[in-house]
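Step one of this worksheet: look at the structure below.
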C-alpha cells in the first residue's frame, strides 16, 4: 500500500464508493429508468428510489415495490437507465 495517494485524481471506482456529498464533484445516486412491462411490453418511466408501488399503465401489473432505499423491480421486468 503506497503512502502517497493522489487526492486530485482519484480512480472512478473510488469515486463511486464515496458518499454523494464527499465526491470530488457532487452527484446523486438516484436516476430515472425506463421499465418494460413483461405482460404488455409498454414502457413506463420510474424513479430508482420510488417510495410507492408503480403499476403498469396498460395492464395494471406491479412494476416495482419500494424498499428502504432503491425500489425493487418485479421478476421479468427489464429496465434501462435514462440519460440526462
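Just so it is clear, glycine is given a Cβ too, placed from its N, Cα and C backbone atoms.
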Correct range for region 'Disordered' (source Swiss-Prot, candidates 1-23, 24-46):
1-23
Across the zinc finger (37-59), what are the DSSP residue counts per state (helix, strand, coil)?
0 helix, 7 strand, 16 coil
Quick check on the region 'Disordered' (1-23): DSSP residue counts for helix, strand, coil, in that order please.
6 helix, 0 strand, 17 coil
